[in-house]
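Q: This is the structure I have questions about; it appears just below.
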């Protein structure tokens, strides 16, 4: 009886911790999105410099990562990270990450928070399509039909958008395509070399790389405008707390995926999107139309089905691994039994 009670307590504790990780991630992701919107939006803080904001984040995150690794030795640097691996694997990922952040932050100047979340529902479509192109995923007509249903739902949501901005939509779609390419390349470039990055080591290697890549467009696009607006003074409270939130979000992603699963993060992401849409409508007073919600509802069902299929595939793979492992163990045991029988017979012959 006592043993059963201890087991149920353990299960309850595990569920409670999972929900805590999900809540922390949702809160931080929510905070970073709303905070970035507040800083970049011309009607709010009115500081429309997405490259500069991204560079502030990257400078803060890479500095903190260096301190945590080199000074406090919280985590070890990656042992098999050679210069060649860094140039061939990390640099392309860093370039794509910097472009993804630049484009997605730029979209906040032109689009509402709610509509951006609706467009982000296209992420599985982009990841699957690029995975097929780069031969990381196999083409399945059923999966492609599901991808088309998600795209159709997002198209309806876009049709119903009250403040549709073509340039903003192009920026956000570009951000989705670049981010999807980055995610597929992480699987191809880092997994093949057996390099596992946690958020501190990923920022340690990737953030300085992002900073360098962002520096070049910043010189030509934003620096001249910043020079003209010489009245601007750096607000340490605003940009400091914003950068801390961005760094904390990276840690929360690791915590959530490491302690639960990538699928849990996908499901939590859907919850976060609905919360952001509700917040955008009720607090920021963005217009959310019934056509918006109908279209996003269709896309949401497609994404939910895609996540369900991924879960079933992961379960089938685990089951297959267990069967193979048990078969190997059985074969090993049979071999041991035969060897011990052979040894026993030899002993009998010698006697």
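Each residue, glycine too, has its Cβ placed from N, Cα and C.
Straight out of TrEMBL:
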- 20-307: domain 'Sugar phosphate transporter' (DOMAIN)
- 332-351: region 'Disordered' (REGION)
- 16-35: transmembrane segment (TRANSMEM)
- 47-73: transmembrane segment (TRANSMEM)
- 85-103: transmembrane segment (TRANSMEM)
- 109-131: transmembrane segment (TRANSMEM)
- 166-190: transmembrane segment (TRANSMEM)
- 202-220: transmembrane segment (TRANSMEM)
- 232-256: transmembrane segment (TRANSMEM)
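Burial and contacts for the listed features, if you can.
A: When pLDDT values are averaged over the domain 'Sugar phosphate transporter' (20-307), the model yields 90.
Beyond the ends of the transmembrane segment (16-35), by six or more residues, the same chain brings 113, 116, 241-242, 245-246, 248-249, 252-253, 255-256, 259-260, 264-265, 268-269, 271-272, 275-276, 279 to within a C-beta distance below 8 angstroms of the stretch.
Outside the transmembrane segment (47-73) by six or more residues, the chain places 36, 39-41, 98, 101-102, 105-106, 108-109, 200-201, 203-204, 207-208, 210-211, 214-215, 217-218, 221-222, 225-226, 232, 239, 242-244, 246-247, 250 with a CB less than 8 A from a CB of the stretch.
For the transmembrane segment (85-103), the list of distant contacts is 50-51, 54, 57-58, 171-172, 174-175, 178-179, 181-182, 185-186, 189-190, 193, 195, 205-207, 209-211, 213-214, 217: same-chain residues at least six beyond its ends, Cβ to Cβ under 8 Å.
Within its own chain, the transmembrane segment (202-220) has Cβ neighbours under 8 Å at 51-52, 54-55, 58-59, 61-62, 64-66, 69, 77-78, 81, 86, 90-91, 93-95, 97-99, 101-102, 247, 250, counting only residues six or more beyond its boundaries.
Among residues of the same chain six or more beyond the transmembrane segment (232-256), those with a C-beta under 8 A of the stretch's C-beta atoms are 21-22, 24-25, 28-29, 31-32, 35-36, 39, 45, 47, 53, 56-57, 60-61, 64, 198-200, 202-203, 226, 264-265, 268.
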